[in-house]
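Taken straight from TrEMBL:
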{"type": "ACT_SITE", "residues": "Asp412", "note": "active site"}
{"type": "BINDING", "residues": "Gln223, Lys239, Glu260, Ala343, Val344, Met345, Leu346, Glu417, Asp432", "note": "ATP binding site"}
{"type": "BINDING", "residues": "Glu260, Asp432", "note": "Mn(2+) binding site"}
{"type": "DOMAIN", "residues": "307-524", "note": "domain 'FAM20 C-terminal'"}
Amino acid sequence: MAWRMRHRSRTICLSLVFITIFLHLLLAFVSLSIPRLPCDSPLPPGTRAFRDLARFNHTSESINSLAEPPPGVLEGDARGHRETVVDKELPARGGTTVGMRRHGANQTERLESDLLKLKALFDHPLYNMPKPSIPEDDWLLKVKPKGKQSERSSLMWVSASQGGYDDVQWNSSSESHPPWLRFHLGITRWELYPHLDPNMELLTQQIATQRIVSAVQKSGGTQLKLVMSFPNYGQALFKPMKQERDEETNYNLYYFSDFERHNAEIAAFHLDRILGYRRVPPAVGRLVDVVKEIKDITTDRKLAKTFFSSPVGNVCFYGLCSYYCSTEHAVCGRPLNLEASLAVMLPDLSLAPRRSWRSPWRRSYSRSKLAKWETEPDYCSTIKKTAPYNKGTRLVDFIDLVILDFLMSNMDRHHYETFEKFGNNTFLLHLDNGRAFGRHSKDEPSILTPLRQCCRIRRSTWLRLRLLSLPQYHISDVMRASLSTDPLHKVAPLLAEPHLAALSRRLKTVLDTVSRCQEQQKEDGREKVIYDDLDSLRNSTFFAGL
């Protein structure tokens with residue numbers, strides 16, 4: 001009996017051993033047949049960078065902490081109008097990712113290359129043409145010291161320190177002048193500031209960082225604008241952020257119903273300088289504390305009454321204006337900081353009066369009525385016989401403005417201004433560009449109508465446009481580089497990549513339009529398309545590199 005029990009126990013143990021071995025072998029076989037997967041689930045594919053940036057908290061601390069642009073930014077090929085997304089990879093040690101590091105390195109290399117292109121462009125002879133000395137009457141303002149001729153060093157301004165302003169003592173020496181005053185005193189008959197003006201960097205830096213001592217609403221206009229004052233008595237025009245960088249204008253909106261964009265004002269200044277015009281006042285981006293730098297210091301009671309706190313705790317205000325000044329269209333901080341453009345104010349009208357001119361190609365601003373130029377193909381022949389377009393450079397000056405507007409898709413150019421002192425023989429001020437860069441996916445051919453109808457362009461403009469179409473000076477690349485110098489670039493690029501690609505596309509359209517004009521000139525024997533403003537330099541060494 002005992003023997004039988006031992007035999008049964010041994011049989012059970014051997015059975016259990018064989019079953020255990022069989023299960024282990026079965027599990028090993030099953031595990032080897034299954035493909036290996038990473039322990040961590042992969043991150044979602046790269047999303048549109050502009051949506052990521054829209055959720056970014058725009059605070060002063062976030063700006064200072066960003067040594068590189070945010071990850072996941074779209075890498076757009078401006079020439080081929082393509083977009084590729086850099087895929088995010090698995091987290092590495094320290095909270096960063098391999099993909100982010102690679103993307104940041106690629107972006108840095110690309111930006112360095114673009115900055116070299118921008119420097120090469122501004123070093124090109126076309127941007128450094130020899131100029132004769134400026135006659136005394138071609139300066140907009142003059143320093144007029146008090147007292148006798150022998151007392152030229154006497155004080156021009158003396159003010160007590162009050163309301164946050166500095167106690168200043170400026171004399172006739174330009175070294176004592178603040179940057180904004182140097183800018184005003186540097187305006188001439190043909191440009192707002194000279195090429196590579198060393199004062200520009202100091203001027204924009206001060207506007208972006210200097211303490212704001214006063215903020216009041218600017219009267220007139222259809223949308224909210226403020227005038228900001230600084231301790232050194234400088235002033236700048238403030239336009240707040242109203243929509244995200246990647247938002248396109250609604251296709252169902254008429255051009256006169258569009259928002260003004262703060263980044264468009266900044267981009268217009270940079271594009272105007274790249275085109276060699278220098279007719280847009282310097283503009284720079286800044287993060288403004290809507291409480292400390294507007295609400296707490298404003299003396300504008302009407303403006304102060306429009307401040308409120310939103311349901312999510314953001315401080316908002318809307319001001320008083322013809323359109324878009326209501327709680328539904330308020331501008332809000334996040335929760336306090338608000339992006340804005342600050343453009344240097346031009347000299348006061350009492351010192352330098354300006355004349356406003358109605359654009360001959362002004363739109364009807366009607367939902368159904370067309371303007372005269374839209375129905376008459378030969379409309380320009382009448383304009384060429386009408387003052388001030390019948391002589392001098394006024395027509396080609398206007399065409400310069402048309403090209404700028406077409407490149408940045410600005411349909412809202414109903415008037416332009418000039419300084420009264422210079423009469424009809426002067427440049428046009430390229431002001432109020434807030435409705436530019438609204439759409440990148442569609443070009444507006446009607447903006448270019450004056451060029452197509454008149455077939456007239458100055459030679460220096462035509463040569464610079466051709467230069468900007470070359471790979472080594474490509475307009476999209478140099479624009480990207482120029483905008484990267486603005487303080488708000490650390491928050492997000494001022495222009496989304498599709499807008500930069502649109503610049504290349506539109507530049508080609510401008511050059512093709514001029515080429516068609518030249519072909520028509522040969523066929524029909526019309527007047528010359530190119531207005532030769534470089535004729536006096538034709539036989540000089542300047543043209544050797546062109």
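Including glycine, each Cβ sits where the backbone N, Cα and C put it.
No curator has checked TrEMBL annotations; they are predicted automatically.
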Tell me the Cβ neighbour count for Asp432 (ATP binding site), meaning other Cβ atoms within 10 Å of its Cβ, over all protein chains shown. 23
For a quick check of understanding: given the listed ATP-binding residues Gln223, Lys239, Glu260, Ala343, Val344, Met345, Leu346, Glu417, Asp432, what is the maximum Cα-Cα distance in angstrom, as an integer? 20
Mind giving me a neighbour count for Val344 (ATP binding site)? Other Cβ atoms within 10 Å of its Cβ, every protein chain shown. 24
Quiz question: given the recorded positions Glu260, Asp412, which has the greatest number of C-beta atoms lying within 10 angstroms of its own C-beta? Glu260
Rounded mean pLDDT within the domain 'FAM20 C-terminal' (307-524) lands at 94
In angstrom units, rounded to an integer, how far apart are the Cα atoms of Glu260 (ATP binding site) and Asp412 (active site)? 10
